[in-house]
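Peer 1: Here it is, the structure, as structure tokens.
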Amino acid sequence: MKCFAQIVVLLLVIAFSHGAVITGVRDRDAQCGSGTCCAASAFSRNIRFCVPLGNNGEECHPASHKVPYNGKRLSSLCPCNTGLTCSKSGEKYQCS
């Protein structure tokens, strides 16, 4: 029953959000294409997706900066695109 409830919540979030473009379930960065990383799902760290690297103004994680990362990424955010850095902006970190 718990699994069913989690699936329902996930489907509702996907249906009513403007979330990230998900390009496929993977395990590590090396399995993703250029310009993407294998980020953990915001709902479960056991599920990872290939998502685009951060662009200017997008949220980022300051410790997540290496692509490809050889291990399993724990953050749901990818590093910034080439030429951008992840820096603190107010209370968040953003690519700039």
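The backbone N, Cα and C atoms fix where each Cβ goes, glycine too.
Look at Swiss-Prot and you will find 1-19 tagged as signal peptide. The disulfide bond feature in Swiss-Prot is assigned to CYS32-CYS50, CYS37-CYS78, CYS60-CYS86, CYS80-CYS95; the stated evidence is similarity to another entry.
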Peer 1: Taking each of CYS50, CYS86, CYS95 in turn, which of these disulfide-bonded residues have a Cα lying within 10 angstroms of the Cα of CYS37 (disulfide bond)?
Peer 2: CYS50
Peer 1: Let's check the environment of CYS86 (disulfide bond): how many other CB atoms sit within 10 Å of its CB?
Peer 2: 21
Peer 1: For CYS95 (disulfide bond), just count the other CB atoms lying within 10 A of its CB, please.
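Peer 2: CYS95 (disulfide bond): 22 neighbouring Cβ atoms within 10 Å.
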Peer 1: Rounded to a whole angstrom, what is the C-alpha distance between CYS50 (disulfide bond) and CYS80 (disulfide bond)?
Peer 2: 14
Peer 1: For the disulfide-bonded residues CYS50, CYS60, CYS78, which one has the sparsest Cβ surroundings, going by other Cβ atoms within 10 Å?
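Peer 2: Ranked by other Cβ atoms within 10 Å, the disulfide-bonded residues CYS50, CYS60, CYS78 bottom out at CYS50.
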Peer 1: Can you tell me how many other Cβ atoms are located within 10 Å of the Cβ belonging to CYS32 (disulfide bond)?
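Peer 2: If we count other Cβ atoms within 10 Å of CYS32 (disulfide bond), we arrive at 24.
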Peer 1: According to DSSP, which kind of secondary structure is CYS80 (disulfide bond) found in, if we only use helix, strand and coil?
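Peer 2: CYS80 (disulfide bond) sits in a strand per DSSP.
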Peer 1: Within 10 Å of the Cβ of CYS80 (disulfide bond), how many other Cβ atoms can be counted across all chains shown?
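Peer 2: If we count other Cβ atoms within 10 Å of CYS80 (disulfide bond), we arrive at 24.
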Peer 1: Using C-alpha atoms only, work out the spacing between CYS78 (disulfide bond) and CYS60 (disulfide bond) and round it to an integer in Å.
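Peer 2: Checking the Cα atoms of CYS78 (disulfide bond) and CYS60 (disulfide bond) gives a distance of 6 Å.
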Peer 1: For CYS95 (disulfide bond) and CYS86 (disulfide bond), determine the Cα separation and express it in whole Å.
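Peer 2: Distance (Cα to Cα, whole Å): 5 Å.
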Peer 1: Let's check the environment of CYS37 (disulfide bond): how many other CB atoms sit within 10 Å of its CB?
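Peer 2: Taking all protein chains shown, CYS37 (disulfide bond) has 25 Cβ neighbours within 10 Å.
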